[in-house]
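Reviewing the structure listed below.
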C-alpha cells in the first residue's frame, strides 16, 4: 500500500530551488508556496513523466527483477478519475503490477516533482488523491482483504503513515498474527519528525525496517525510549541500527532486520559494499532507495539469503541511478 503519484522529472537550476525554498537533496510535501512549482516546472524545463510513488516504484522493480510470473505483487492506493489516473493505470499494467486503486472524484491524481541538480534530487509531492485512501472504502472490502490474506510479504513506505495509519496497522497486525513478513520504510526525515506516534504504533509489528543515513531515526528512538539505550549524541549509524533492532516486537518468532542504505558508502545490515560506479555515469539518484527495496524484496519472496537480498538491492539501485526517474531496461542482468 502506498501513495501512487505521477512523477514529473526535470533537470533544474539552483535559482529554481531557491525560489521555492528547496534543499538540493530532500523529500517534502507540497505547501501553498509550492502551488506554482508544478506548472513552472513543465513550462520552463524539459520534463519526463513516470508512474511513481515510493511503494509503487519498489513493487515495479521487484516485478522487473522477478520477470515471470507476472503480477506477483498487488498494490493498493488512491487515485483520481482523471487523465493522470488513466496514465498510472496504464503504466502499472505495463509493469505487470496487479494494481487495485481506490478511485474517487473529489481530488485529482497525485503528482511528485523531481527537481534534479547534478546527482542530487529534491522531491516535492502533492499527494492530492493519494491522501484520500480510506480503509473502510477499500482495504476492508471482502475482495481486497482476500488479496491481503493471500500475500506472504507486506511492504509499505513510511509516507503512507501520513495518509492511513489505520490501514497500515490492520495489515501489520495480520502479518504478525500469521507469522508473515511485514516491512516498513522510514522514507523521509519529515515522517519520523512529525509522524512519530503512528510510526511507533506500527513499529512492534515491523520485521524488516528500511532507512537511510539521512533519516533522524535517532530522534524517534530517543523520544520513545530515552537515552537509556545509548548516547543521544551518537551519529554511529551501526549503533542506531542496533537500537532500532532492539525496539519491542510483537511476533517473537522473527528477529527484526534493520537495513540502512548509505548511498555510495554501502549498506548496514552487517555492512555490505555497494557496486562501484563512475560518478559521470550517474544520471538521477531519484528512485535509488525505492529500487534497492524492490531488488531486496524480489529475492526475499524467493526465500533467498539476506546477503543475496542486499546484493539484489544494490544491483537494482545501480541500474536505476544510470537512468532518468525510477526506470529500467527490458530485462535485468542479475545472477
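Note that Cβ sites are derived from N, Cα and C of the backbone, with glycine treated the same way.
Feature annotation from TrEMBL assigns domain 'Carbohydrate kinase PfkB' to 16-329.
In sequence order, 54, 55, 57, 58, 61, 157, 320, 326 are the residues near residue 290 (active site, proton acceptor), counting only same-chain partners six or more apart with C-beta under 8 A. As annotated by TrEMBL, active site, proton acceptor applies to 290.
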> Over the domain 'Carbohydrate kinase PfkB' (16-329), what is the model's average pLDDT?
Replying inline: 86
